[in-house]
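J.: Got a structure for you, written out below as structure tokens; questions coming shortly.
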Amino acid sequence: MSWDQVWIDVNLATMDPSISAPYGAITNAAIAVKDGKIAWLGPRSELPAFDVLSIPVYRGKGGWITPGLIDAHTHLIFAGNRANEFELRLQGASYEEIARSGGGIISTVKACREADEAELFELGRQRLNALAKEGVTTVEIKSGYGLDTETELKILRVARELGKHHHVDVKTTFLGAHAIPPEYKDNSDGYVDLIINKMLPAVIAENLADAVDVFCENIAFNLEQTERVLSAAKAAGLEIKLHAEQLTNMGGSALAARLGAKSVDHIEYLDEAGVKALSESGTCAVLLPGAFYFLRETQKPPVDLLRQYGVPMVLASDFNPGSSPICSTLLMLNMGCTLFRLTPEEALTGLTLNAAKALGIEDNVGSLVVGKQADFCLWDIVTPAQLAYSYGVNPCKDVVKNGKLVHQ
């Protein structure tokens, strides 16, 4: 066989649903790569003969290979920090109170408007490197800290540039509808007009976004405004998603499902009717335990109902300066289990196959299947559950991206 590389002495957590074993596991396995794709995988005993003198062979020392991790919800590009708000919350101020007093997202908006692209790129690069060291091979990055045309475009340009200069694939999401900017404080509908009539066309003209998102909440955009933005995005051929039911149950998830959204994110206050709507539309539920933990929330997402209705559950970092300044997907695995009572297998599925579904890229990544992109990680672990069980010592030993060894 003519391959570019072969990995032996490994166990595979393929996350392939067609394999009945937990994690889609194949023990005592091997995997071969050709032209950036997975060319063969299976039990080591069934590996076809190949020229060991001309093809690089990597020995996994009994470790586990998983698909590359996918962080499907981040706000990775921002300037400044909000440590002062952290102190205020510890003194009793709520997220909503801080936002209504001009803090929260708006304080980060000011810092981002003042920062240039070079500064934002370097900050984003450092954060992306941190995720990459934990086995992340694909990441979604949202805008939303500009809230004017110039700065929203600036953030999205930086995200695109990061994708060009880093081995991690970057998917971009336009989140101009993240908050009401100060200049539109008494005219939120006017700001929605700006998003639809000026921002969105400018984003499309430069091909800066793969999807459009809205923060549907009582401190941000109402249902009617949300539908206007998402409908405009959908009409333009972009994927849509939604921050929904984080602080209250406004019915945003049902709206997103009706419009065919790829995902609804946060969903702590999602009810059974909303879960049923997601199930019927195939929309993913993105769980964000970092924000739940950092904001010290008590209302948990309805995991049992999501299981009951077969809604794909995704885990993501929601890395951002205000509600989840936690740049770690491995910690999300642990939090997903300890805070939301996911099983370790559900948690890992949420950072691989289901995360790919939330981004619409499941045909190419998210599981180890012949023909898919060769994005995978070798972990120094004895069982896949160990990734969720233990935190603090990074067990990621090697990362292969598009068939190339990028971290060793």
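Yeah, the Cβs are placed from backbone N, Cα and C, and that goes for glycine too.
What Swiss-Prot records for this protein is below:
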BINDING   His73, His75, His243, Asp318  Fe(3+) binding site
BINDING   His73, His75, His243, Asp318  Zn(2+) binding site
BINDING   Arg82, Tyr145, His178, Gln246, Ser323  4-imidazolone-5-propanoate binding site
BINDING   Tyr145, Asn320, Gly322  N-formimidoyl-L-glutamate binding site
J.: Work out how many Å separate His243 (Fe(3+) binding site) and His178 (4-imidazolone-5-propanoate binding site) at their Cα atoms, rounded off.
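T.: So the Cα of His178 (4-imidazolone-5-propanoate binding site) lies 9 Å away from that of His243 (Fe(3+) binding site).
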J.: Inside 8 A of the center formed by the CB atoms of His73, His75, His243, Asp318, which other residues of the chain have their CB, for the recorded Zn(2+) site?
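T.: So the additional residues around the site are Thr74, Lys142, Asp265, His266, Val286, Leu288, Ala291, Ala316, Phe319, Asn320, Ser324.
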J.: Measuring Cα to Cα, how far is His73 (Fe(3+) binding site) from Asn320 (N-formimidoyl-L-glutamate binding site) in Å?
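T.: Per the Cα atoms, His73 (Fe(3+) binding site) and Asn320 (N-formimidoyl-L-glutamate binding site) stand 10 Å apart.
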J.: For His73, His75, Arg82, His243, listed as binding-site residues, tell me which one has the smallest number of other Cβ atoms within 10 Å.
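T.: Selected from the binding-site residues His73, His75, Arg82, His243 on minimum Cβ neighbours within 10 Å: Arg82.
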J.: Near Tyr145 (4-imidazolone-5-propanoate binding site), meaning Cα within 10 Å, which of His75, Asp318, Gly322 (binding-site residues)?
T.: His75
J.: Relative to the Cα of Arg82 (4-imidazolone-5-propanoate binding site), which of the binding-site residues His75, Asp318, Gly322 have a Cα no more than 10 Å away?
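T.: Among His75, Asp318, Gly322, the ones whose Cα sits within 10 Å of that of Arg82 (4-imidazolone-5-propanoate binding site) are Gly322.
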J.: For Gly322 (N-formimidoyl-L-glutamate binding site), identify the closest of the binding-site residues His75, His178, Gln246, judging by Cα separation.
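T.: Closest candidate to Gly322 (N-formimidoyl-L-glutamate binding site), judged by Cα separation, is His75.
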J.: Consider the binding-site residues His178, Asn320, Ser323 and say which one has the Cα lying nearest the Cα of His75 (Fe(3+) binding site).
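T.: The answer is Asn320.
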J.: Given a 10 Å Cβ-Cβ cut-off, pick out the one of the binding-site residues Gln246, Ser323 that has the most other Cβ atoms nearby.
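T.: Within the set of binding-site residues, the most crowded position is Gln246.
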J.: Identify all same-chain residues not among Tyr145, Asn320, Gly322 whose C-beta atom falls within 8 angstroms of the centroid of the N-formimidoyl-L-glutamate site's C-beta atoms; report them in sequence order.
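T.: Close Cβ neighbours, site residues excluded: His75, Phe78, Arg82, Ile105, Thr108, Gly144, Pro321, Ser323.
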